[in-house]
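For 40-58, 65-81, 87-106, 127-150, 162-178, the entry in TrEMBL reads transmembrane segment.
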Amino acid sequence: MAGVHPQDDLLKMTHRENWKVQHERLHVKHRGHEAMHAEMVLILVATLVVAQIVLVQWKQRHHRSYNLVTLVQMWVVPLYFTIKLYWWRFLSMWGMFSVVTSYVIFRATRRPLSCRTPRMVYKWFLLIYKLSYAVGVLGYLAIMFTMFGFNVFFRIKAEDSMDVGVIMLFYGLYYGVMGRDFAEICSDYMASTIGYYNKGGMPSRSLTSDICAVCGQRILVDVEEEGIIEDTYQLSCGHMYPEVLQLI
């Protein structure tokens, strides 16, 4: 019929027939492009292989620069997407973490190093580790909770419980890795400046038995006792040091 248009024929078709027509049109449109598609796949695979080799060699030969660059990217790149997509919850948590961590890094890189800085650095990153670990475990349990269908007993939608689980798991992994890398940077800086010594030779002062010879802080817990925040360890030479110095 002269009055029937192709658009009208598409409207009369079922969803399955319409999908077949669209699929055939896609094949007609890309007919003769098989060689180009194969080249694109080969280029993609080659790029991934070469990039992986370069990253592995970079990490092995220049470990510190690799960690620094990847850490800065992991720290800064999410800021762009959170502002663009209006993820204010993540942005607020990112901001609080960044402010406190920046202050801790500032204190850890000062010369001379304050005697209270190692303990402050240790406590902050230990707190980040425990919180990220707990949040990650809760997120994983929430995902398993949803996959096994237990959300039905509590009248919780599967989409809601799965979203909560994925978000908590992401937060735990993200801030756990960030805290670990920042703690390594702080420990490197402190290890290069810390010490109870005299550049001219032997130490000119003597220490009592309850003072750490490295950081100069008072040891709060005996070697045999179990501490709430930190324990005390004793070397084979007889010197004692708090658990905070295991970070460096």
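Going from the start of the chain as shown, residues are counted 1 onward.
Each residue, glycine too, has its Cβ placed from N, Cα and C.
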Non-local residues, at least 6 beyond the ends, that sit with Cβ under 8 Å of the transmembrane segment (65-81) = 55, 58-59, 87, 90-91, 94, 98, 174, 177-178, 181-182, 184-185
For the transmembrane segment (162-178), could you work out the same-chain residues 6 or more beyond its ends whose Cβ comes under 8 Å from its Cβ atoms?
-> 71, 74-75, 78, 93, 97, 101, 128-129, 131-143, 145-146
